[in-house]
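Undergrad: Quick one: this structure, given as structure tokens, is what I'll be asking you about.
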């Protein structure tokens, strides 16, 4: 009877940052400021690329998609975090929680595969420059973006359906949004199948595109080292250094969150990691690309 009542819960309670409630006003101001800056920065990048004809190339097409993903990705969770910081523990319906998990996974996984597509673009641009325009046609670029969204949809649906169709033995989520790991702590009975599910999805959604990125950059670096002049090497490396830095930040934080065994999880550490890849990274992306890219800086000046 108790199990049945718990598994039929209609809402959850997000505990958020209850352990540091005295810092809520400061966190609210900081996160709201970061959110506004991220929206502005990504919107400006997307607008500049769209309005400047010289930036209508595959690399900047992918960058526009990345900016749009970052805006959506952040907008899924920031309103809930700000609400939590204002009122303390937040009640969230099961439906809203499921939708939040789905869209968080959808945008996050789509970004993983989009970063892999961007590495392929740099690979063909540097390793096959004479055939680049033929290989990376507008049709291919759109297909790669569509494939990223399809992978995000598949992972989001599978993860959300499996998690919310399982019996739950609690309603308090020790997090600031409906994150995967805190919800797994609420599952009844043997949670090993669910933990394996998380690892399998993480390998597919994080490790697979990351291995593709590693392969691309191994080939890129090999090609750059065989270039005749130091000037050519520097120019080639400068075209992919921004992407490499973004990949390092995004995969470093996301991988440390999802590619760890469950026994090593700590609620406070998980919240910090979640903030790193879901709040800080979307702000860093446009900054990295604008500060390290001469073409974007030139378009900004114009």
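Quick reminder: no glycine exception, Cβ is built from N, Cα and C everywhere.
From TrEMBL, here are the annotated features:
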| type | residues | note |
| --- | --- | --- |
| DOMAIN | 41-289 | domain 'G-protein coupled receptors family 1 profile' |
| TRANSMEM | 26-48 | transmembrane segment |
| TRANSMEM | 60-82 | transmembrane segment |
| TRANSMEM | 102-120 | transmembrane segment |
| TRANSMEM | 140-162 | transmembrane segment |
| TRANSMEM | 196-218 | transmembrane segment |
| TRANSMEM | 239-260 | transmembrane segment |
| TRANSMEM | 272-291 | transmembrane segment |
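Looking at the shown structure, can you explain where the listed features end up?
TA: Below 8 angstroms of C-beta separation, residues 14, 16, 28, 31-32, 35, 38-39, 42-43, 45-46, 49-50, 90, 92, 100, 103-104, 107-108, 110-111, 114-115, 117-118, 121, 138, 141, 144-145, 148, 176-177, 278-279, 281-282, 285-286, 289, 295 of the same chain, each at least six residues beyond the ends of the transmembrane segment (60-82), sit close to that stretch.
Residues of the same chain lying 6 or more positions beyond the ends of the transmembrane segment (140-162) and with a Cβ under 8 Å from any Cβ of it are 58, 61-62, 65, 98, 101-114, 117, 120-121, 180, 194, 197-198, 201, 204-205.
Packing against the transmembrane segment (272-291) from elsewhere in the chain are residues 31, 34-35, 37-38, 41-42, 44-45, 63, 66-67, 70-71, 73-74, 77-78, 104, 108, 175-177, 179, 242, 245-246, 249-250, 253-254, 256-257, 297, 300: each is 6 or more residues past its ends and has a CB under 8 Å from a CB in it.
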Undergrad: What same-chain residues lie close to the transmembrane segment (196-218): Cβ under 8 Å, and 6 or more beyond its ends?
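TA: Tertiary neighbours of the transmembrane segment (196-218) are 105, 108-109, 112-113, 115-116, 119-120, 122-123, 151, 155, 158-159, 162, 180-181, 184, 240, 244, 247, 251, 254-255, 258-259.
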